[in-house]
């Protein structure tokens, strides 16, 4: 019990926690997954050949006394590898080290990814860089390698040094515990969580045109719930496949996939120092390597990887801090893709749009305002007289038109309220600027996924370091 003598702040924090409103920063007291999130936890998986994973307890954050906070993903054979990193100028030590490793190896011969949660190892000076290097070296030693062959990632509070001795001492244990089971993959996904309420893990099988009878697998895990507005935000992602893909092709495939997935989500508009999405391809399932962008296999792989990355990144939005809504914003009939993407991004970042959705208020004027102040769009993209906005219900019922060709509709507020009570919602913005200059015909389309802003978001982030 909390005694009356304790500070009022502590009493308030306890009260909020008792109401289930506070997500502990790292390693929640019981790691319990909310009932509403259980549906996103896979009960089984189809994992790529030759990959082994483990989640191990280190206690990076002192308050974490038993839950896994060190993840290790390893391939039994060398991999092609590629990654996309944060655009934040204060790039964390592991980002700098991993970039250097991939550049020096030219995306070849990578064997492992090691990740700690509980401390970001960002803005930690030369010592932080040494810590990141030593994490990679320790994994390489366990793999019997002398050259840098490990991608390093960290997530947590910025500006604090890692308890590096504790981590280095536990890496051999993590290596000994490597396994290929579904439980091992799920535990590893848990190990990278911070304010996440559930581990984010997906897997699937696929075939390629050149080998229709051969089955390949693709698996991925990600973390993130706040500081999410990538180019990249606090999110980490690791994808693994047993398909054979050359490094240069792998980088272009990942870059395309990330631009339409992890870089098309927003929780709060902040971009972190640590964001990294990496992919490893070991070719263990055999077949001809994917190398040329002109090949049918490349085209198929691009579609498969992009779709998979979208599904994985959407789990981050569904776990947005304090979120009650999962919102898709679709901007269509734009003269070019980039303009559509900028408009979708601006809507997704707008606090006024996000709070209106939380309040179940069909305040389409806020959406229109965001469209109108979007910076960087091509001239003539936004023309009020041909702009339309509508809500698309998830139940398949007719769209609710809010604005048509710049003219407001008589909105059925009761129906709008019913639509906004659902967890999922799609906002459709039609710019009417397609190739034929008519509504719904031609033009480019961009899609963004975001969540609403609730009271809980402020509570979570107000208590983040406490």
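Just so you know, the numbers here start at 1 and follow the chain as drawn.
Using N, Cα and C of the backbone, Cβ positions are placed for all residues, glycine too.
Copied over from Swiss-Prot, here are the features:
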| type | residues | note |
| --- | --- | --- |
| ACT_SITE | 234 | active site, nucleophile |
| BINDING | 194, 223, 234, 321, 461, 466 | substrate binding site |
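Features recorded in Swiss-Prot, as mapped to the structure shown.
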{"residue": "194", "record": "substrate binding site", "CB count, 10 Å": "26"}
{"residue": "223", "record": "substrate binding site", "CB count, 10 Å": "27"}
{"residue": "321", "record": "substrate binding site", "CB count, 10 Å": "25"}
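Mapped onto three states, the DSSP output places residue 223 (substrate binding site) in strand.
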